[in-house]
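A.B. asks: Okay, handing you the structure first.
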Amino acid sequence: MRIILASSSPRRRQLMELLGIEFEVEKPDVEEEFLESPEETVRELSLRKAEWVFKKRKEEEILVIGSDTVVVLDGNILGKPESLEEAKGMLKKLSGEWHVVYTGVAFVSSETKDVIVSSTKVRFRELPESVIDYYVEKYRPLDKAGAYGIQDFAAVFVEKIEGDFFTVVGFPLGMVWQYLYEKGWWKFASKREDDKGGARVAFG
């Protein structure tokens, strides 16, 4: 079975590579919208992304993985900013506050349609406006929910975190691996002489 990551995110691609499996990447054409709750939003959007790619390539034996992330502050969903000014506004709101990051991951194949959702609480330090301006101008976080990437300079914004770090990055790696492992889609293959002590990973 071939694995396809339905995402344009370089961060999700990098995290998938840590699983040691072969996979392809295809960007889904899905309009993002906020639903009644953050859980429902990431659940539905991750599923739409995976289904879009699956339907496009439905003649193939594939497993498609889609993911979506939102940030929630005081009950309000923050998605990706549409401008640098909006990004600065989001970070000003997050400054010194707790917020919750929700990430959904969908798995779609001819026999599977499952979604897992993970949430993590994050508290930011008080951020000087000059630091916010520096970050937004240098990193231009228009592709990131909440206008920040915890894996880049914005890591210094974080005062406390409660939950899974990779949920905040946008791909809860441990949960993804556990799902694939329990379904029998991730397993060690036999070692080869040219592995130099390592192990290959195969999908069942």
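Cβ coordinates are placed from backbone N, Cα and C, and glycine is handled just like the others.
Straight out of Swiss-Prot:
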type: ACT_SITE; residues: Asp68; note: active site, proton acceptor
type: SITE; residues: Arg11; note: site 'Important for substrate specificity'
type: SITE; residues: Thr69; note: site 'Important for substrate specificity'
type: SITE; residues: Gln151; note: site 'Important for substrate specificity'
A.B. asks: For Gln151 (site 'Important for substrate specificity'), what is the tally of other C-beta atoms lying within 10 angstroms of its C-beta?
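C.D. replies: The answer is 16.
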A.B. asks: Do any residues at least six apart in sequence from Asp68 (active site, proton acceptor), in the same chain, have a Cβ closer than 8 Å to its Cβ, and if so which, in order?
C.D. replies: Glu32, Thr41, Val42, Leu45, Ser46, Lys49, Thr103, Gly104
A.B. asks: 10 Å Cβ neighbour count around Arg11 (site 'Important for substrate specificity')?
C.D. replies: 19
A.B. asks: What three-state class does DSSP give Asp68 (active site, proton acceptor)?
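C.D. replies: For Asp68 (active site, proton acceptor) - judged by DSSP and reduced to three states - the answer is strand.
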A.B. asks: Can you grab the distance from Arg11 (site 'Important for substrate specificity') over to Thr69 (site 'Important for substrate specificity')? Cα atoms, rounded to a whole Å.
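C.D. replies: That comes out at 12 Å between the alpha carbons.
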A.B. asks: Could you tally the C-beta atoms, other than its own, that fall within 10 angstroms of the C-beta of Thr69 (site 'Important for substrate specificity')?
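C.D. replies: Summing over all protein chains shown, Thr69 (site 'Important for substrate specificity') has 29 other Cβ atoms within 10 Å.
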